[in-house]
Amino acid sequence: MAGVETAVRQIELKWPNVPEQIIKGDKFLKWEEGSSSFTEILLRVDPKGYFLYWKIEGKEDTELLDLAYLRDIRAGKYAKPPKDKKIKEAGTNYGSSNIPLQDKCVTICHGYNYIDLEWIHLVAENSSVASKWAEEVFSYAYNLLSLNKNQLGEWEKLYFRFTTVEMEKNKIPVKTIQKCLSKDKDDRARVAKAIEKIGWPSGKNDAIEIKAFDFDTFFKFYLSLLERSEIEGIFKELSQNKGNITTVMFRDFLNDIQRHPSLHKTLFPLYTDSQCEALINEYESAVNKKGKKKGQLTKEGLLYFLMCEENNLTPMHRLDLGANMKLPLAAYYINSSHNTYLTGHQLTGKSSVEVYRQVLLTGCRSLELDCWDGKDGEPIITHGFTMCTEVLFKDVVTAIGESAFKVSDYPVILSFENHCSVPQQKLLAQYCHEAFGDLLLDKAIDGHPLKPGISLPTPYDLRKKILIKNKKIHKGAGDDDELAGLTEEEKKKIEKEKKDAGTAAKEAEAAEEMSALVNYIQPVHFTTFEQAQKKDRHYEMSSMVETQALNKLEDNPEDFVDYNKKQLTRIYPKGTRVDSSNYVPQIYWNAGCQLVALNFQCFDVAMCVNLGVFEYNGCSGYLLKPEFMRKLDKRFDPFTESTVDGVVAGTIEIKIISAQFLSDKQISSYVEVEMYGLPTDTVRKKFKTKTVNNNGMDPYYNENTFVFKKVVLPDLAVVRVIVNEDNGKFIGHRLMPLDGIKPGYRHIPLRNESNRPLGLASVFAHIVAKDYVSDAFADFADALLNPIAYQSAQEARSAALCAFEDDPDAALDAAKPVKGKSPKAGKKAWGAAGKKVSHGNIAKAAMTGGAKKPAGGGAGKSSYACKSTTTPSSS
């Protein structure tokens, strides 16, 4: 269940450590594409690694790029050199003129999402400066702690933005603060009033001296700006209206409310009085230096705690690379892409080399390459028989070779849909060798021969290796061998499935050179689960269009799960999704399918779920499946509605209290809460708060608690919190695996549709996570947890009911299930709002139909990401 940790280990994640050289800065030539203009700049990074910033000679303003939106930075041969003669000459002579221009080039790629990108082009004084900056800045942009800051961390980031941009002026203009926090006239007046309240100059044309602009006072500005009336209520309850929260009260709060009840008390000890007193003193020192009392927490100190790192929503061990990576490949969900080359529509979309880099940088580990004969004998990648543009195959594999392991060391699988002639297939193999070198796995590794009954290698074994999925030549074997032993009806069904698969089922026969590159990912036409079990070839895998896979899941759910314990299955969208929409991947994860491939260019609900889930385990692209979906001696029905053997069902309650900094406009908003998991656990379009009108800064919902009473399989369940405007336009969301949520009062930092932080935007909620207890045993559980409180309540109930109950113990026994008579697992489909849908119509239910793009297309940008002239704009 959420918050329960099974082992203690050291957290490896570390905050950026920015070297003095990067803080002081280096000089670069900055040039513009499509022009002859260039200028010298001093490029710098702030001490926290939040921003890349520079000042152009002769200009007063500092330009700034939020590194949360930096997508890539490349130096040397992978950077883009200038084409303009004037810029080339200036770049060649800049700094060390004896070093080739290409080696001194740096390319910065940034954007609100990874499809709509903008570029910054630089020339360094020498190659070592270029490579040093590329390496350092990339590490800051992809630092998992920086990308998962709490509310206090985001407020600190805003502080650094102001001080960084205005450092040389030694003053922070009031209107700069107003402009960043609000575009609305009334809200700007509210900002000025909050500034005035803490004693800073607040006039329209006033400015605040840098020396007076310290972080402690800036936090007081936060307290002055936001009402946070909900904190007053929590404080009164915790302090029992006594004015302050004592050490004992705070200890009880941390141990009872902010802690999951199932945490092991030896592995994860309870807070002690001395620890709590130290924390109180720390928080009070930050907000109340003069009037603090030792061991006494004020309302301001409580809010500081609720916003700080100690009270993060997500346990750090869930963000870090923590899963066992030494199990066979089939034991993992693998982040996978379909038609990776496309940036838009399936029929008329633009193909791109860059998108391969960008998809890899999200942590995706499986890419698709649709290869066709090109002009002049050069193979191309495109969507066959459409009006999509094309790109050269050799450019794509070069990009993959450069970007494959920048975010994750774990293996990359290249899924070839190969339509090339033999001569051009030879070129495919040649270019793979040239681009990948030793990264290419072109033969089986020791200990894992390609023999029946031998398990696949582990992700750990295959670190920094690229595997090829392509047809393989088997001497003396053909399609007839695959169909041997099948009935005529089964053969006809397979032929129909091939037709439904479209061009993927019409690949060319493999040339010797391409076949030689294939080892552990050998595609075969799926016949039956019985055939696969009989052959027991773990290195053979199946690719299924979503409709085919859905039929297998409905007809033989337990067999499908068993198949995926040994062999890989790749699922891809049906051909009628010409708008590049996606199915919700959870459907196939529930069956243990590893390579659930999606259209990464479409930021719909399904893609939001995928990006959110694969953020965990160090963004490695690999997530370990639950144990019962890996163990060969266990059977699992993904349609079960009863508890799973060996798994404790959970209950989660979420009360949406308020939100902060949703927009710099006076919008009206509401919050939805959904859950994705097994069909019986999935709840969509059911829980929604009231709409709060005309407040984008601190709307107060305080809605009734949303209760997910019985979550059968917490290991597979994810909660999604979505904030929309009253017209349905997407503002932001956050996806949280149930075992990655800490209970209690938490700020939920929001993300945009490409899973990048939305700055200050957050939702404040109260979360209760506990083990599920049947209604029949709820009173008994209460008695165990709180026997004294239960006793008095029980006495009152007993007095009222004694006339009706002859033998309460017998009534309790009668409610217990009879051994061996557990209810049959029903196959409840993905119904919206928990409504039951016919099992045969699973594909028509809300899970597949509801995966639509957030309203507003590129909506979801919180204005409180605080953009400058160079910060990416919404597409």
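A Cβ is built for glycine as well, from the same backbone N, Cα and C atoms used for every other residue.
Note: TrEMBL annotation is automatic and uncurated.
TrEMBL assigns the feature region 'Disordered' to one of the listed ranges (254-273, 574-593, 814-833), namely 814-833. Annotated Ca(2+) binding in TrEMBL involves ASN339, GLU368, ASP370 plus, out of the candidates GLU282, GLU284, GLU417, the residue GLU417. Under DSSP, GLU417 (Ca(2+) binding site) is assigned to a strand (E or B) in the three-state scheme.
Cβ neighbours within 10 Å of HIS383 (active site), excluding its own Cβ and spanning all shown chains: 22. The number of other CB atoms found within 10 A of the CB of ASP370 (Ca(2+) binding site), across every protein chain shown, is 25. Of all Cβ atoms in the protein chains displayed, 26 besides its own lie within 10 Å of the Cβ of ASN339 (Ca(2+) binding site). Straight-line distance linking the Cα atoms of ASP370 (Ca(2+) binding site) and HIS383 (active site), rounded to a whole number, equals 7 Å. Neighbours of HIS338 (active site), defined as other CB atoms within 10 A of its CB across all chains, total 25. All chains included, 26 other C-beta atoms sit within 10 angstroms of the C-beta of GLU417 (Ca(2+) binding site). Sequence-distant contacts of GLU368 (Ca(2+) binding site), defined by Cβ-Cβ distance under 8 angstroms and a gap of at least six in the same chain, are SER337, HIS338, ASN339, THR340, TYR341, LEU414, SER415, PHE416, GLU417, TYR572, ALA597.
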